Amino acid sequence: MSRSAFTALLLSCVLLALSMPARADDLPYRFGLGKADITGEAAEVGMMGYSSLEQKTAGIHMRQWARAFVIEEAASGRRLVYVNTDLGMIFQAVHLKVLARLKAKYPGVYDENNVMLAATHTHSGPGGFSHYAMYNLSVLGFQEKTFNAIVDGIVRSIERAQARLQPGRLFYGSGELRNANRNRSLLSHLKNPDIVGYEDGIDPQMSVLSFVDANGELAGAISWFPVHSTSMTNANHLISPDNKGYASYHWEHDVSRKSGFVAAFAQTNAGNLSPNLNLKPGSGPFDNEFDNTREIGLRQFAKAYEIAGQAQEEVLGELDSRFRFVDFTRLPIRPEFTDGQPRQLCTAAIGTSLAAGSTEDGPGPLGLEEGNNPFLSALGGLLTGVPPQELVQCQAEKTILADTGNKKPYPWTPTVLPIQMFRIGQLELLGAPAEFTVMAGVRIRRAVQAASEAAGIRHVVFNGYANAYASYVTTREEYAAQEYEGGSTLYGPWTQAAYQQLFVDMAVALRERLPVETSAIAPDLSCCQMNFQTGVVADDPYIGKSFGDVLQQPRESYRIGDKVTVAFVTGHPKNDLRTEKTFLEVVNIGKDGKQTPETVATDNDWDTQYRWERVGISASKATISWSIPPGTEPGHYYIRHYGNAKNFWTQKISEIGGSTRSFEVLGTTP
């Protein structure tokens, strides 16, 4: 038998073995997968990511979701929980509240040690869910409805995952994806002396953890790959989970189609990696932000699907974890992690290069113009005197724009941050609370791998944007260049070295089965939040119209590939977020228009868009579009709108709605 034939036979045997049902009692783990809606306010709330005062929500393209994975070791009953969210960041406020809720509902089961929360870093979701002022500047303060929707949804996703615990097996695989990201700060990257293998500026590694049930069926997967979720530009006003959210949607909705299947596309060291392959907003590979979102998402899906379908390495062994809060203010760093000299971190400050934004993904302006920002004015302004000389020296090459760590009565950026590590058999997963550049993450990954090999660790996955958010982390060499990422590295030139020290120490603790010390406590600032974004006083319909009336009816007929556009008199979307529901339905009533109505699309589907606009002082218009996708059954359809309106006199919020006349889908264009 030839070598190629033998290899093919061996691969076939492996795949057959993986797909064969196994006795539940023989399986090493139980796992549960769950998903819940975390979509915030869909109108008149600043979006989180681009820091633009002008970018406010005005509808929904697709909803935001939390995807939870609960893993339980069969032998010990020990559990780990990983949640990936379609959010710009996991802010510490969210982490603290979620953990408080879990501890209250499941005492002794879930705590900071075994729950990791992560974000995809979409820039097209409503903001205002941080307790630190720096991240609420362009949103005009704290947005309680959005915050509660996020917390409630994350908790609900974990509850659903726990309710679905089943025996199963885990498999790890990896591969390279080289056409879905590009380094937006290549000159800074090239200053690193250790870029062998990374000369083109990207980290191509994708890691996939597959969840296989007792029948040998794939129940879900987590894919880690570094690329910013900025395919949608700062000109977009529709809520969107961006490219990673589309990858999840495509696998779950278009490919698997199995109830309960959950696919998460998580981040790693994406700090300087853009999906805009032409290095300008909304460009690359196409010149349309929606096409780019789908294409970059499809490329991530295709690689993850390929890896999950290959013969993978089975994950076997114990579950373990470590977690600690660390005060980053003046944290000492040992010489082996620096330039051979003892160093320390600085009080947090942002640099002038941050104000320009990232021109490749979307420039600022951060909402820093005090005359245009009542929230900033109420905080006392951006600059409060000349920064102390000690801070200027500590921050080295950075020209300080604002010393955010010295703001009173509370700092504008975190001082205490979470560091976390999971052990899942021979895999270690690191949870880091910031955006790490390619080499900042690679250095930590390599160092942890070296520290963990003696414990049988074969794979290290680095997950940024986890448990909290403290802007960027660059290498020492990149920091000196003071591009956007360097100006956004809060704690000074040795920030990456500090994280590397903390993760190596934690890896050693896991290896030696030692506890880690938490000497700091993350402050709860929920008492002290402000909001200058106006709410809903009341809703009025158009003169001579009623809520739910159709302002624009569909044509009599369309063909597949056409776009149907209709409009309704509606209320303000802030009245009801319609969590786990929808603002629209596309309904199929059959070829004769008389069959039982069947919903074929909602506001979570790629082919629909729900756009809201204010008309006059208190009226609202909802414009709904449906791009008829290939595979749509010919027949009669109508579009229904759901909304809510607030009465001025009683302040009561009531559900409203309306439906268009029916229209016919004829098939493809001749």
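Every residue, even glycine, has its Cβ placed from backbone N, Cα and C.
As recorded in Swiss-Prot, the features of this protein are as follows:
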{"type": "SIGNAL", "residues": "1-24", "note": "signal peptide"}
{"type": "BINDING", "residues": "His61, Asp603, Asp605, Thr608", "note": "Mg(2+) binding site"}
{"type": "BINDING", "residues": "Asn84, Gln92, Asp111, Ser130, Tyr469", "note": "substrate binding site"}
{"type": "BINDING", "residues": "His121, His228, Glu435, Tyr472", "note": "Zn(2+) binding site"}
{"type": "ACT_SITE", "residues": "Ser274", "note": "active site, nucleophile"}
{"type": "DISULFID", "residues": "Cys346-Cys394", "note": "disulfide bond"}
{"type": "REGION", "residues": "644-670", "note": "region 'Required for correct folding and localization'"}
Entry from the disulfide-bonded residues list Cys346, Cys394 having the most other CB atoms no farther than 10 A: Cys346
Which recorded positions sit within 10 Å of His61 (Mg(2+) binding site) - Cα, from Asn84, Asp111, Cys394: none
Non-local residues, at least 6 beyond the ends, that sit with Cβ under 8 Å of the region 'Required for correct folding and localization' (644-670): 536-541, 547-550, 553-562, 564, 566, 568-572, 575-576, 578, 587, 589, 593, 628, 630, 632-638
Secondary structure content of the region 'Required for correct folding and localization' (644-670), with strand meaning DSSP E or B: 0 helix, 16 strand, 11 coil
Under 8 Å by Cβ from Asp603 (Mg(2+) binding site), counting only residues of that chain that are 6 or more apart: Ile60, Met62, Arg63, Thr582, Phe583, Leu584, Tyr610
The region 'Required for correct folding and localization' (644-670) [mean pLDDT, rounded to integer]: 93
Same chain, 6+ residues apart, C-beta under 8 Å of the C-beta of Asn84 (substrate binding site), given in sequence order: Ala66, Arg67, Ala118, Ala119, Thr120, Ile222, Ala264, Phe265, Ala266
Residues flanking the Mg(2+) site, with Cβ no more than 8 Å from the Cβ centroid of His61, Asp603, Asp605, Thr608 and excluding those residues themselves: Ile60, Met62, Arg63, Leu584, Ala601, Thr602, Asn604, Trp606, Asp607, Gln609, Tyr610
Protein Cβ atoms within 10 Å of Ser130 (substrate binding site), excluding its own: 28
Tyr469 (substrate binding site), number of other Cβ atoms within 10 Å: 29
Pairwise Cα distance for Ser274 (active site, nucleophile)/His228 (Zn(2+) binding site) [Å, integer]: 5
Cβ packing number for Gln92 (substrate binding site), 10 Å threshold: 25
